[in-house]
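Report on the structure given below.
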Amino acid sequence: MSSVCLSMEGGAAASTPAALPYYVAFSQLLGLTLVAMTGAWLGLYRGGIAWESDLQFNAHPLCMVIGLVFLQGDALLVYRVFRNEAKRTTKVLHGLLHVFALVIALVGLVAVFDYHRKKGYADLYSLHSWCGILVFVLYFVQWLVGFSFFLFPGAPFSLRSRYRPQHIFFGATIFLLSVGTALLGLKEALLFNLGDKYSAFEPEGVLANVLGLLLACFGGAVLYILTRADWKRPSQAEEQALSMDFKTLTEGDSPGSQ
């Protein structure tokens, strides 16, 4: 009870769970290795990246891994890592990471559509492309709605409270869909590039399979951190006061009756 009072008075910071920093560090190690291995795969076996050439396509997988997997995952972890900072600061960081992820993903989309146009290839015929467009649209809508509810100054607190569970659910769902779509794209690229050689344990195929495992492990690590109830960011004094005011308005209670 005393710890709650101290928190309400702003006099004490909530302690960080002992295991949380290690899991976060592990997730970052996985994520950075994932990005580095994606670059290595494209550099060693796909010729690298160059916008005005046949290598333009290679910007697509790199941008999607950086944006819709690594940065999106980090944006979701902001509220676990920055536990005692001001809520407004944490919100801004959360939103900015999502903006960076969205812009980088947009570059990846432009790269693949422009490449297809130059080569005369068909667009949006594969399951990977359908899932990719779905993820990008959902991600963009999620960011717009999140900005309107949580960063826009005029949003009523009651609407924020009602929408918050949906925002959290769709955030985790879109992240999971992003990882799944990246796995589909990786498998599609291997089948196109290697064909029958894929089953002969070609070095490129082995490296790409390891890359796929890293994708799955990074996604699992982020989701595990997010779903641990005891690792959630504790409410700050200002948030508790707003919650009590909201309860007073909706249920007719008074703060003093609690």
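Backbone N, Cα and C atoms are what each Cβ position is placed from, and that goes for glycine too.
These come from TrEMBL:
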DOMAIN    26-227  domain 'Cytochrome b561'
TRANSMEM  20-44  transmembrane segment
TRANSMEM  64-82  transmembrane segment
TRANSMEM  94-113  transmembrane segment
TRANSMEM  133-155  transmembrane segment
TRANSMEM  167-186  transmembrane segment
TRANSMEM  206-226  transmembrane segment
Feature contact check the transmembrane segment (20-44) with the transmembrane segment (167-186), CB under 8 Å, 3 or more pairs: no
Whole-number mean of pLDDT values that fall within the domain 'Cytochrome b561' (26-227): 95
Cβ contacts under 8 Å made by the transmembrane segment (20-44) with residues that lie 6+ beyond its boundaries: 58, 61-62, 65-66, 69-70, 73-74, 77, 80-81, 204, 207-208, 210-211, 214-215, 217-218, 221-222, 224-225, 231
